[in-house]
Each structure stands twice: as structure tokens, then as C-alpha cells.
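Novice: Supplied in C-alpha cells, the structure appears directly below.
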Amino acid sequence: MKRRIAILGSTGSIGTQALQVIDQHPDLFEVEILTAGNNADLLVQQARKYEPNVVVIGNEEKYKWVCRELEDLPVKVYAGKEALSQVGATGTVDMVLVALVGFSGLMPTIRAIEAGKPIALANKETLVVAGDLIMQLAREKKVPVLPVDSEHSAIFQCLVGETDNPLEKIILTASGGPFRGKNVDFLRKVTRCQALNHPNWKMGDKITIDSASLMNKGFEAIEAKWLFDLKPEQIEIVVHPQSIVHSMIQFRDGSIKAQMGLPDMKLPIQYAMGYPRRLANGFPRFNFTDFPSLTFEKADVSVFRNLSLAFDAMNKGGNMPCIVNAANEVAVEAFLKSRIGFVEMSSVIEQTMTKTSFLKAPVFQDYIETDKEARIVAAEIVAK
Ligand SMILES: NC(=O)C1=CN([C@@H]2O[C@H](COP(=O)(O)OP(=O)(O)OC[C@H]3O[C@@H](n4cnc5c(N)ncnc54)[C@H](OP(=O)(O)O)[C@@H]3O)[C@@H](O)[C@H]2O)C=CC1
Ligand SMILES: CC(=O)[C@@H](O)[C@H](O)COP(=O)(O)O
Ligand SMILES: [Mn+2]
């Protein structure tokens, strides 16, 4: 039986690569649902090629156009936020790949878990915002949350066969982004274009800026805490500019296991979609002699302050990571629109952390309220 996949965010970097994985394995996977935010053109092209049962366009103004373009196909078309949240829970879906960006991934993930659907999770912000709630719900519903993020997929792969061996720590690798080795004065002047020029990965704009500011690595630490049930002090960050070692785990005897390969998201996407099987593929192979020097260095948190802000939030707990996520989304958008500079993103986040109501033990509705409040606070700081 083919595994029927819902791809939430099919028009993005992860979504389009997931479709390339499916192209490699037409005998194993079937596209059941595709969703887009604004990119109706690409959604329609994808729907014509993969003939899913359902498509959802986030932007309701494009609903009629998508309906017209697909009227000759037996595809159900829906639009809007509520449809996006519900669609993963559809009965015919076997697995939901959450490839949405930011807070928008939270509700669809919750609804899919509630419906008992295995999750392939690319959307790290969902775990940053409400990792306690998501993992608790997944345990209750006995639903696997399979990491797609390359570092977490690496750790997950290293953990296979190690259930009785507790971890001493994990070592998350960071490329260091386009500004590795630069100082704050340099960062003050960087442009949107420079920040979007990631050295190793071609990704969506938001995560690319997060990689440049190292917020991505801070978020990945929080993501790892929840996925692998770790204490903050068990999470180490190491800058590895070649992005070949995707991450490592260290056991109590000091032994370290690493997962390696070329920087290509199709592998972790395929691993999650095919889990527990490793599927054959024709993706390019890593060759050691092409990379005679794999290097490792410390992250400079005095320059890349977002990394320590994320660790502060993880240590503080409660709704603080949710506050940081909201502030970061506002700050990244403002930077991309050239309303604030690169370094100012950290100030917006830091101030939002002190000005938004802190809750030690938030419940679901608190996360929704916190997200709203923190966005207002951050937007006011940006406006000033
Ligand atoms: N790209 C990568 O290599 C990696 C990404 N990730 C994570 O995966 C997630 C996706 O990243 P990436 O693919 O790069 O992002 P992209 O920006 O490339 O794609 C995001 C997708 O989500 C859709 N979308 C965005 N906002 C909304 C919204 N409000 N409502 C409905 N749909 C929306 C977009 O639709 P449209 O374009 O049609 O508007 C698009 O399909 C992120 O959480 C990221 O951190 C993790 C590891 C690696
Ligand atoms: C591909 C992937 O998983 C990204 O999250 C990647 O980690 C970004 O690179 P950085 O290490 O520069 O953040
Ligand atoms: Mn990653």
C-alpha cells in the first residue's frame, strides 16, 4: 500500500523537495493533500501533476482562481486558515509533512496529532512555541513526531538501536551562516541580499535569515530539547562550516556517533517519509576526498546574540520561547523589508522578552495569547 502524504506548505523549499522525493518513489508514496500560502500558480501546477484529493490555498482571495484552474480535475479546493488547520486530519491521510513556516505550523500540527496522524516535522517553530504541549499530545495519541530538520534527523538516525543507552549530550552543528567570523560593526551594515546568501543551503527566506543570525541554531536547541527530552546543559553547539556532519550524539562512555552526508534536505525528508525504512535513491553521494578538511569551532555569542537569547528563553521556560519566536518573526520580517538593520533584530527580541507577560506554566490558549501580545510589543519596538 502506498503511503498517502499531506504536504502542508508544498510550494516552499521543503515542500518542493518533498515532491522530488515522491518523484523518486512513485510506488511508495501518493500525494493526498497539497497546500500553499500565496503561490497559487505553483499550487495549481503541482495539483495538475500529482492529482491530490485536496488542495488548500491560504490566501482566500485566490480561492476562485484556483477553483477555475482545477475545475476539470477531481480535486477538492479549500481556502483560508481554518481549512489549513483541519486538512491534515482528513481520514485518507497516512502522514502529514508540516513544511509551513513560523507560528502558522502550530494549529495544523496539533489537529493532525489529535487525529492520530504520524507527523514529519520540518516546522521547528511549532516545537519552539509549544514543545511541551506537542510532545505530550503526541505521547497521549501514540503519534510519532519524525524530525525533518537536518540536525534532528541526524540525531534521530544516530539513536536507532540505542534505546537502552542514555545520552550524555548532543552536539548540534551550525554552518555559521554567511557572516561567520565577522564582528558587530560588520553586521551593522549587512544587507538583506548578503543575509539571504547562505553558504551551504538553499532555503526559504525566513530560515535563511535565522541561519545568518544564529537564531536558527537557538531554535534547533529548543527543538532538540523537546524531541529528545534533553536538559539545556546537554545541548552543545559547534560551528562546522562545511555542513557535512549534520549532528552528533555522545554517550556516557564518551563515544560519539555522527550522521554525515552532503547538505541536501531530500535525505532527511525521505528518511522521515519512509521511516522506519531507508529507501534507495539516486541523490549525489558524499566523497571524503572532496572534503579533505572538516573543521569545527566555537560559536561567537558576543556577536551572534540571538543564540544566547534563545538559550536564555529555553532556560527560563514557560512561554518565553513562544515570546522569542513571535519577536523573531516580527524582527525578521522588518529586516527583510529594510525597516530595521541586522543587529537591531536582537534588540527587538531582547526588549520583547522583557516587555511581554511571562507565564511559568502556560496552557494552549496562553500560547495563542502570548504570540499575539509579543507580536504587538515587537511591532511597537520596530516602529520606534
Ligand atoms: N528549507 C529548508 O531547507 C529547511 C527548512 N526547515 C523548516 O521548515 C519550515 C519550512 O521552511 P521552508 O520550506 O524553507 O520555507 P518556505 O518559505 O520556502 O516555504 C513555506 C511554505 O509555507 C507556506 N506558508 C507560509 N506562511 C503560510 C501561512 N501563513 N499560511 C499558509 N501557508 C503558509 C508557503 O506558501 P507560499 O509560498 O505559497 O506563500 C510555503 O509553501 C520552516 O519552519 C523551516 O524552519 C528546517 C530545515 C531545513
Ligand atoms: C538544512 C537545515 O537543517 C537548516 O536548518 C540548516 O541547519 C541551516 O544551516 P545553519 O547551520 O546555518 O543554521
Ligand atoms: Mn537545521
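The backbone N, Cα and C atoms fix where each Cβ goes, glycine too.
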Novice: What does TrEMBL list, out of Gly181, Gly204, Gly218, as binding the same NADPH as Thr11, Gly12, Ser13, Ile14, Gly37, Asn39, Asn123, Glu125?
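Specialist: Among Gly181, Gly204, Gly218, only Gly204 appears alongside Thr11, Gly12, Ser13, Ile14, Gly37, Asn39, Asn123, Glu125 as NADPH-binding in TrEMBL.
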Novice: Among Glu69, Glu71, Glu82, Glu220, indicate the single residue that TrEMBL lists for the Mn(2+) site containing Asp149, Glu151.
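Specialist: Checking Glu69, Glu71, Glu82, Glu220 against TrEMBL: the Mn(2+) site match is Glu220.
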Novice: Using DSSP, what's the helix, strand and coil tally for the domain 'DXP reductoisomerase C-terminal' (260-375)?
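Specialist: With helix first, then strand, then coil, the domain 'DXP reductoisomerase C-terminal' (260-375) has 65 helix, 2 strand, 49 coil.
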Novice: Which of the binding-site residues Thr11, Ser13, Gly37 has its Cα nearest to the Cα of His198 (1-deoxy-D-xylulose 5-phosphate binding site)?
Specialist: Ser13
Novice: Taking the binding-site residues Thr11, Lys124, Gly204, which residues show a Cβ-atom distance to ligand 3 below 6 Å?
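Specialist: By the Cβ criterion, which requires under 6 Å to ligand 3, there are no hits.
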Novice: Looking at the binding-site residues Thr11, Ser13, Gly37, Asn123, Gly204, whose Cα is closest in space to that of Glu151 (1-deoxy-D-xylulose 5-phosphate binding site)?
Specialist: Asn123
